[in-house]
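Novice: Pasting a structure below so you can have a look.
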Amino acid sequence: MEQTLGDDSIPASGSFDKSRVLNVKPLRCLVPVFPSAPNVSSFSTHQGAAPFVCASPSGPFPNGVAPFYPFFNLSDSQKPPEQHTTTPTSVPNQSAPPFVFNSSTISNAVPINSFRTPPPATGGRTQHTGVANGDTGSSRRVTRSRAQPQHQGSVAGEDGYSDNQNQSSEYFDMQTETEEKGKAGRPKRKSQRRTSGGQAQDMNVASSDADIDMLVDKIQTAFNDTFRQNEAERGSVEYVSTVYDLFRRRISQIEDAKEAVPGVTKRPDLRAATLFLNKGIRTNSKKRIGTVPGVEVGDIFFFRMELCLVGLHAPTMAGIDYLTVKNSSEEEPLAVSIVSSGGYEDYAEDAEVLIYSGQGGVNRRDKEMKDQKLERGNLALEKTTHRANEVRVIRGMKDLSTPTGKIYVYDGLYKVHESWVEKDGKSGCNVFKYKFVRLPGQPEAFRIWKSIEQWKGGATSRVGVILPDLTSGEEKLPVSLVNDVDDEKGPAHFSYTSTLKYSNPVNSTVPSSGCVCIGGCLPNNSNCPCVQKNGFLPYTSNGLIVSQKSLLLECGPSCHCAPNCRNRASQSGLKIHLEVFKTKDRGWGLRSWDPIRAGSFICEYAGQVIDPSKIDKFGFDIDDDYVFDATRISKPVGVLPGDSSEGLKIPFPLVISAKYTGNVARFMNHSCSPNVLWQPVSRENKNESDLHVALYAIRHIPPMTELTYDYGIVSDEEAEQRKRKCLCGALKCKGYFYQ
C-alpha cells in the first residue's frame, strides 16, 4: 500500500483531478530531502520511479529521511576543509593557570543579505552552530529590521551596523546564503529594470560585474604571492586595508553607473568584504588575546568589516568579541576585544579609564527593558575580570563628514579592574558595568582625539603655536604653524597662494568641450562628455578618488555644471584642518588635526609654473627645496592589481616652484612608504591648458600623522647630483631620495 504525504503530494496513479494543481505549492517553496538509506520500504513509490520526498528544512522528517547540509550541524569530518576547527597551542598567562584555546579560524563572517534590501521577515532560515571561540547561538540572516535587540539610542554607523554591545556574538556563514551566487561569491541579480538602452545596458552591467570577479581574483593572487606566508605583518595589514578600500571604491563607481533598481540597496563596503572573506584575503584569521600583529595603536577604520578583515574585532555587530578557553576540565569564555561607540551609556570621556556597559536588556521590537543576564559577552567580561587578561579596546568616534558615520580608533590594550551591577536610571533594570583601565607605556590614540577637540573648541591652546593661521585667511580653514621641538621661529618667508600660477597662458592641443550638465555630472549620464572622456566619473559620491590614472579629467571653466559637481573634487580648497610643524630631523613637515579617509583630496600643489624647456641640463636651482617635478617617473601607489595604470607612470610635463610662492603642499616631505599620492589633473578650460597636481590619501591617515609622498625617480645622468640621504624611517626605506 502506498503512503501519501498529504493533500499536496503527487498522486500515485497516472489520472488525477487537474483542479488540484491549483493547490500545489511551487517547488521553490519546498526543500528536497532524500532518504538516508536506499530502498526504504515506507517511502517506496510506484514501481520504476525514483524515491523523492519534499519536506520543510526544519522538519518534521519521515522515517528514514535526514536533513542535509546546511540544515543541520555538521561534524568536523563532514564540513568543508576550510571550516574544520583547530586547537592552537596554549597561550601563556602569568597571572592565571595555563589554559588552552578552544579556537578556530574566525568565521568568514558577513551578513548574508549584505548588499541587498532584505525580503520580508517571514520565511527566513536559521542555521544553528556550536559554541566555539565566542560564537554563540545561531548564525542567522540579520537585517536592521530583524537584528538582535539593540539598546535605545544606539546609532548605526556608516556601514549600517549598530555599534553597541547589545548584539549576540553572531557570525554569518556565507555557505548558508539563500541567494544564488557567482564564482566569486557575488549574488546574482534578479531581473533589472530595462532602460532605453535595452540589451546593451544589460550587457554593460554584466561586463562590469564580470570585471569585479576578475579583479578580486587578481587581488587574491597578488595577496597569496606576496603576503600569504607573512600575513601577520604590518605590510600585510596595510595591504589588505588599502586594497579593500580601493576595491570598495571601484565597486561603488561601477554600481553608481547603473540605473537604480527598486528594492536593491547599494552596499559596496559589504560586497567587497564578502568577496575578500570568500577568497581568504584577510590577516590574523586566528582569534587571540592581546596585540594583533601588524595592527598599531592609533590605527583608524571607517567600516566595521575592516576590523574583521585585519583580525582586530571579528563580530560585525556585537560589541564584545570573545573566545572559549579550556582550563583543566572546564571551558570558559574570555573577552578579547570590545567596541565602545556610544550605543550605551558608557563613560568614555577619560583617555585612560572606560566604564563599559554589558550587553542585552532590550527587546528590539517593543523596546521593553529587561535585566541584563550574565551570559555570552557579559560572562566573558566577568571571567576576564578574574583572569586579568588583556582586552583590545576600539573606540567609535563620530565621523563629522558623514551624519550617521563612525570612525573606529584602536586605543590599545586595557584590563578590566572591577565589575558591578547597577540600576539603569531610565528603566530601573539591572545593567552590568565594567571598569577598563588602559595599560601604561602605549602610544597615544584616543587622548590625541580629545586634545584636538579641545584645541578646536578653544578650551586649551595648541602648545608651540607660532602662527594660528599661516595662510592669512587665504584658505577656508586656518593652518597652524607649530614648533614644539626647538626655538626656530618658522621657515623662510614666502607668499601664500592657494592656486597654481602660469606665467603665460598655455595653448592646449586638445580642443575643449565642456559639459552642459545641470546641477552636476551624473555617473550614469552617457551623454556627458566629462563622463565619456574618463570612462567613469573618477570620484565616488562622497568625493573619494577611485584610482590613480596617468591623467584625470575634471570639469572646469568650460563646463556648465555647479561648483559642487562631483567631478570638481580637487577644486574645493582645503576641507581638512592641517598644521605645518617642525620635525625632529627633517625640517618642516605637514600633518592633519582631522582623520583623513583613503581617497580623500587633501590639497593641490600650488606655486609658480616653470617651463620645462627652459630648465638647463641638470634641472633647476639645486638649492630650491620647494619644487614639484612632475616630469619624474614614479610608481603608482593608489592602483589595484591589474589596473592599466600599473607600472611606471608616464612623466607629466609640469614643474612647479613653491620657493617664493606656494601653499601647504610645499612642506610635505618624501617617504619611501608614503601615505599620499599625487595625481595629474586637467580641467576643461576653453582651449587653454589647465593642468594641476592634486594630492590624495592612499590609505586612512590618523590625526597628527605626518603626510608624505614619494618624490619619484630622475634620469640616470641626474641621479648622482640630485641624490639625498633619506630619513623617512620606513621599514623598507631605500636610504636615499632625489631632490
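Here the Cβ of each residue, glycine as well, is placed from N, Cα and C on the backbone.
What TrEMBL shows for this protein is this:
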type     : residues : note
REGION   : 72-208   : region 'Disordered'
COMPBIAS : 74-116   : compositional bias 'Polar residues'
COMPBIAS : 124-153  : compositional bias 'Polar residues'
COMPBIAS : 184-193  : compositional bias 'Basic residues'
COMPBIAS : 194-207  : compositional bias 'Polar residues'
DOMAIN   : 290-438  : domain 'YDG'
DOMAIN   : 722-738  : domain 'Post-SET'
Novice: Would you kindly list the residues that approach the domain 'Post-SET' (722-738) from elsewhere in its chain, counting only those six or more residues past its ends and only Cβ-Cβ distances under 8 Å?
Specialist: 234-235, 585-586, 618-619, 622, 632, 669-673, 708, 710-714
Novice: Please list, for the domain 'Post-SET' (722-738), how many residues fall into helix, strand and coil according to DSSP.
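Specialist: Helix (H, G, I), strand (E, B), coil: 1 helix, 6 strand, 10 coil.
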Novice: For the domain 'YDG' (290-438), what does DSSP give as the number of helix, strand and coil residues?
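Specialist: Split by secondary structure, the domain 'YDG' (290-438) comes out as 18 helix, 64 strand, 67 coil.
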Novice: Return the average pLDDT for the domain 'YDG' (290-438) as a whole number.
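Specialist: Over the domain 'YDG' (290-438), the predicted model scores a mean pLDDT of 90.
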